[in-house]
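Peer 1: The active site, proton donor annotation in TrEMBL covers His114. TrEMBL lists His167 with the feature active site, nucleophile. Here TrEMBL flags Arg79, Arg161 as substrate binding site. Residues annotated as domain 'Phosphatidic acid phosphatase type 2/haloperoxidase' in TrEMBL: 53-187. Among the features that TrEMBL reports, transmembrane segment is placed at 25-49, 56-76, 116-135, 147-166, 172-190, 197-217.
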Amino acid sequence: MDALYSSGVLFAEMLQAGPPWLERFWLSVTFLADPKCIFIIFFPLAYFLDRKVGLAVLWIGLVSEWLNIVAKWLLFGERPFWWVYESGLSSKEEVLLRQFPVSCETGPGSPSGHCMITGAALWPIVTALTALASRHSTSRLVKLTPFMVYFLLLLAVGLSRIFILAHFPHQVLGGIVAGAVLGWMLEACVPAERKLSFYLATSLALLLSAIGLHWSMVALGVDIDWSIHLATKWCLNLEWIRVDTRPFASLCRDTASAAGLGLATHSSLYTQLRDERPGWKQRAVGAGLALAALQGLNDVGQPENIVL
């Protein structure tokens, strides 16, 4: 593993030695591929284009993020920004690496959540665009374009994560493969017209199973917070340590989204509007209002207390 990590650090050095203008590009890509953007950007946009696709994006996003949390707890992946110091590599040879405000994530590094969750959640959009292209063109190139763009996007996301020292190349590759497989598998399992109890039970199951796994590992003597300690120790600026990068922050988002989806789809207003076909202007206004509301909620300060 040390040899694999060392080669990953060399690759990150090569990326950071690239043209200065690429830095802004990589930072923009890693921001747009943040798992929270699935919930506050991609879901509302997809929903107002097609309700079925939008619900699939939200459902696959929350399930794949929960699976990513569990996988990270079990795989114990290092992150480059702390490994170069913990391994002693920085003392043996000159390592020309820079940290960024988005580098200091506190969860384990394997597999990449940005690649895995984004790859899974965007799969319904890609298949919908492929079906749309197939209806309007017989060209194989046109039909394959959505998937080509999809994999190029995931490749760019992976490179951006290596660039900011959040992941090693093998973690990125694992995330891309896991995301595509999950998207393909889960697209056929998106619940439609299920009872409210199903969504509430799913939310509770996601919460209790993750907490149960956490407590079980603690009971077995495993330091489940090891990555948080290392991130705090080696981050160049403690202000870059964000509460929303902790695994339990993601868990809160997933369980709340599952419950919220059930409450929303069983509201009287949704029942009245479910069968309506709004025009493009109505959809655009709805998407704009949803994006503004979600961005406003995202900007609300989080409590400093870690338990809260």
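Cβ from N, Cα, C; glycine included.
Are these features on the surface or tucked inside, and what are their neighbours?
Peer 2: In sequence order, Thr30, Ala33, Asp34, Pro35, Val157, Ser160, Arg161, Ala166, Gly175 are the residues near His114 (active site, proton donor), counting only same-chain partners six or more apart with C-beta under 8 A.
Its Cβ taken as reference, His167 (active site, nucleophile) is surrounded by 31 other Cβ atoms within 10 Å in the chains shown.
Averaged across the domain 'Phosphatidic acid phosphatase type 2/haloperoxidase' (53-187), the predicted model reaches a pLDDT of 94.
Residues 35, 38-39, 42-43, 46-47, 107-111, 113, 116-117, 120-125, 178-179, 182-183, 186-187, 190-191, 206, 210, 213-214, 217, 224, 226, 247, 250-251, 253-254, 257-258, 261 of the same chain lie 6+ residues outside the transmembrane segment (56-76) yet bring a C-beta within less than 8 angstroms of a C-beta in it.
Distant neighbours of the transmembrane segment (147-166): 8, 11-12, 15-16, 23, 25-27, 29-30, 33, 79-81, 97-100, 102-103, 105, 109, 112, 114-115, 118-119, 122-123, 126, 130, 172-173, 175-176, 179-180; these residues of the same chain sit at least 6 beyond its ends, with a Cβ under 8 Å from one of its Cβ atoms.
Note on the transmembrane segment (172-190): residues 52, 55-56, 59-60, 63-64, 67, 71, 110-124, 126-127, 151, 154-155, 157-159, 161-162 of its chain, located 6 or more positions outside it, place their CB under 8 angstroms from a CB of the stretch.
Sequence-remote contacts of a segment are chain residues at least 6 beyond its ends whose Cβ falls under 8 Å from one of its Cβ atoms, and for the transmembrane segment (197-217) they are 62, 66, 69-70, 73, 191, 224, 251, 254-256, 258-259, 261-263, 265.
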Peer 1: Sequence-remote contacts (6 or more beyond its ends) of the transmembrane segment (25-49), Cβ cut-off under 8 Å?
Peer 2: 15, 55-58, 61-62, 65, 68, 100, 102, 113-115, 117-118, 121-122, 124-125, 156-157, 159-161, 163-164, 166, 244, 250, 253, 257, 283-284, 286-287, 290-291, 294-295, 297-298
Peer 1: How big is the Cα-to-Cα gap, in Å, between His167 (active site, nucleophile) and Arg79 (substrate binding site)?
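Peer 2: Pair distance, Cα basis, whole Å: 5 Å.
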Peer 1: Which number gives the other C-beta atoms within 10 angstroms of the C-beta of Arg161 (substrate binding site), all protein chains shown included?
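Peer 2: So the number of other Cβ atoms within 10 Å of Arg161 (substrate binding site) is 31.
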Peer 1: Taking 10 A as the limit, how many CB atoms besides its own sit near the CB of Arg79 (substrate binding site)?
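Peer 2: There are 26 of them.
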